[in-house]
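Each remark here refers to the structure printed beneath this line.
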Amino acid sequence: MQGAVLVAIAAAIGNLLQGWDNATIAGAVLYIKREFHLETQPALEGLVVATSLIGATIITTFSGPVSDAVGRRPMLIASSLLYFAAGLIMLWSPTVLVLLLARLVDGFGVGLAVTLVPVYISETAPPEIRGLLNTLPQFTGSFGMFFSYCMIFYMTLGPRPRWRFMLGVLSIPSLAYLALTLLYLPESPRWLVSKGRMKEARAILQMLRGRDDVSGEMALLVEGLGSGGDTVIEEYVLGPAADADHDTCRDQQVTLYGPEQGLSWVAQQVQGSVLGSAVELASRQGSMYEQMKDPVVTLLGSVHEKMPAEGAAGSARGSTLFPNLGSMLSVAERPGDWDEENVPPNDDLDEEDEEYLSDEEGGALQAPLLSRQSTDVGEAKKQPAAEGGSSAGSGGMQRYSSVTAGGETASTMGIGGGWQLAWKWTEKVGPDGVKRGGVKRMYLHEDGGDQSSGPAGEYVHAAALVNRSMLYTKDVMIGQSPTPAFENPPETVASKAAAAGPRWRELLEPGVRRALLCGVMIQILQQFSGINGVLYYTPQILDQAGVSVLLASLGLSADSTSILISGLTTLLMLPSIGLAMRLMDVSGRRTLLLWTIPVLIASLVVLIVANVAPMATTVHAALSTGSVIVYFCCFVMGFGPIPNILCAEIFPTRVRGLCIAICSLTFWLGDIAVTYSLPVMLSSVGLAGVFGFYAVVCCLALIFVYIKVPETKGFPLEVIIEFFNIGAKAAEEEEQQQRSQLG
């Protein structure tokens with residue numbers, strides 16, 4: 001995973017520049033207002049700082065759709081160029097108007113980085129360490145602030161600090177960021193797949209994962225292009241074929257064949273779905289608090305609870321579900337690479353074949369995983385489908401790791417996080433009485449349930465998310481051809497997406513709408529939880545605690561003391577962010593929020609008490625200083641990085657840029673609202689009232705996280721959105737039942 005780690009570090013430099021800029025303007029504004037005589041123009045002084053927020057808000061409005069159209073990498077390159085240009089203009093800045101222009105350009109760069117770096121890291125990182133890597137922007141941003149404070153503090157020790165140099169030095173690290181984006185950062189493989197550029201996506205995935213066989217993940221990315229509105233959850237029991245009675249319940253079995261001669265596994269579906277058991281158990285038998293949970297939270301929590309105890313995401317054990325099944329595309333007989341450039345078109349599909357799977361929107365990308373054959377299996381001139389896992393011949397099936405059973409076949413591949421990708425072949429009798437086959441894909445995960453040992457191995461319980469296949473939209477037969485067939489219809493789902501761009505109507509799909517509500521609300525609650533207010537008043541609070549007096553006794557000026565206090569406060573955040581990086585994929589996002597938000601509430605309550613209750617100066621100083629430090633440390637562990645991480649994980653590839661732009665726009669609008677409402681609130685309710693408001697918002701955030709925010713650690717991105725689709729469907733069904741009961 002070294003490639004993915006290095007790429008994430010390089011991308012996170014964009015957030016380092018954001019933190020750098022935030023710190024430099026905080027120090028430079030002390031000297032800017034003196035040179036331009038802004039002491040009597042507080043509105044203009046505030047505009048110098050806030051113009052960057054305005055620029056970020058403007059660019060965020062367009063960044064999502066544009067990144068979906070042109071890619072993530074060009075937008076990160078644009079961000080580095082904007083940072084560089086802003087640094088040069090700020091270094092010049094002869095007037096306030098030129099400085100405001102520079103701050104606007106700087107805001108454009110900040111907005112692109114904050115919006116797209118989490119998306120880029122999520123789309124390139126493996127599921128097992130995605131949370132860790134997506135916490136890097138928080139770490140680099142805080143490190144940039146600390147480094148910048150150190151630089152500014154050193155400058156303030158001189159006789160004539162130069163604010164233009166403080167701001168203009170931003171162009172130096174931005175050059176390094178530009179070099180990394182141009183020469184090192186690859187394009188997101190998920191975006192490339194969405195545009196049908198399979199060969200490039202495969203090469204980049206091989207570099208990111210450090211291995212040649214990435215066929216499972218490539219297939220996953222193609223499957224993730226489709227809508228998952230009709231996804232269902234099924235349960236299976238898997239075991240060695242030698243232990244199974246093939247004459248019993250044959251129609252309910254799926255036999256999984258491995259690449260080695262004589263190796264096979266049998267899957268038998270368990271009646272009753274995980275969806276029904278998980279949701280109904282929570283709504284009928286759980287406590288009142290459990291009944292309030294969103295079905296998505298219940299479903300994902302159920303999966304995590306049933307995972308094997310040896311690893312939170314199953315990453316430590318690798319492919320525990322099918323330990324002997326290799327990737328079908330890694331066999332020696334596999335001809336050529338899987339890409340659109342050497343895939344000839346296949347035009348022998350008749351209208352009935354296309355009509356059978358008309359909901360597939362005209363076809364999709366194909367790969368040499370299953371052999372496409374004519375599927376009129378009811379006619380004597382066609383070869384019959386395999387039955388009972390035997391008639392197709394072991395040579396073809398085992399050679400390509402095919403899976404065959406009575407009326408159903410499947411093939412499996414690992415896709416990360418302990419999940420397996422499989423395809424189930426089913427038969428359907430058409431209006432003309434002819435039996436035809438269709439393919440459905442399955443995301444499988446061992447649920448860690450009861451296992452029983454058989455003569456040749458273990459039986460394993462697994463949950464499966466079953467939906468139509470985007471990879472195989474035409475009818476296929478398995479094991480009937482000695483050579484896998486390549487097919488790339490002229491109009492693929494990927495080419496449609498490339499031509500149409502983001503589809504706004506898809507935001508109204510139940511699963512996407514549910515995910516978008518979660519993302520927007522978590523951003524609003526984060527902004528109104530008090531971070532800006534506490535940051536703004538940290539120097540005042542620490543001054544009351546006597547810290548500034550102590551530092552002033554060392555011979556420091558008031559300006560140097562203020563900068564040093566801010567730098568020390570930032571330094572305290574770095575170990576906490578490092579701990580969060582370690583826990584993000586172990587404890588999980590939801591758990592960190594549920595543990596850190598109560599601490600935020602407690603620290604705000606202590607700040608309120610310290611401001612309203614009479615107490616000794618020493619006690620007041622100790623309480624205020626301790627509360628601020630605890631607040632900062634807990635915020636950067638949970639509520640700081642996690643909203644951006646969640647928003648980069650819960651949306652489907654085809655509209656991820658658009659949805660993340662909406663969430664980021666909410667972030668910037670909330671930032672502006674909090675910043676400008678703070679003076680008004682202070683004048684009306686005082687500092688204690690402001691902290692009280694923040695504490696109430698944190699309480700609401702805790703309730704919202706418990707009810708609406710699911711645990712996403714270790715899940716492939718394509719699997720997460722499927723759970724949102726299932727949860728939305730379950731909620732709609734429950735509402736319909738309630739209406740019918742009331743009616």
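Cβ coordinates are placed from backbone N, Cα and C, and glycine is handled just like the others.
According to TrEMBL, the protein has these features:
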COMPBIAS  338-361  compositional bias 'Acidic residues'
DOMAIN    7-713  domain 'Major facilitator superfamily (MFS) profile'
REGION    333-361  region 'Disordered'
REGION    373-405  region 'Disordered'
TRANSMEM  43-62  transmembrane segment
TRANSMEM  74-92  transmembrane segment
TRANSMEM  98-121  transmembrane segment
TRANSMEM  133-157  transmembrane segment
TRANSMEM  163-185  transmembrane segment
TRANSMEM  549-580  transmembrane segment
TRANSMEM  592-616  transmembrane segment
TRANSMEM  628-646  transmembrane segment
TRANSMEM  658-678  transmembrane segment
TRANSMEM  684-707  transmembrane segment
Leading contact stretch, 43-62, 98-121, 163-185, 628-646, 684-707 vs the transmembrane segment (133-157) - CB distance under 8 Å: 628-646
Contact set, same chain, for the transmembrane segment (43-62): CB under 8 Å, 6 or more residues outside the stretch: 21, 25-26, 29, 32-33, 96, 99-100, 103-108, 110-112, 114-115, 661, 664-665, 668-669, 671-672, 675-676
Most Cβ pairs under 8 Å with the transmembrane segment (98-121), selected from 74-92, 163-185, 592-616, 684-707: 74-92
Integer average pLDDT (0 to 100) for the domain 'Major facilitator superfamily (MFS) profile' (7-713): 75
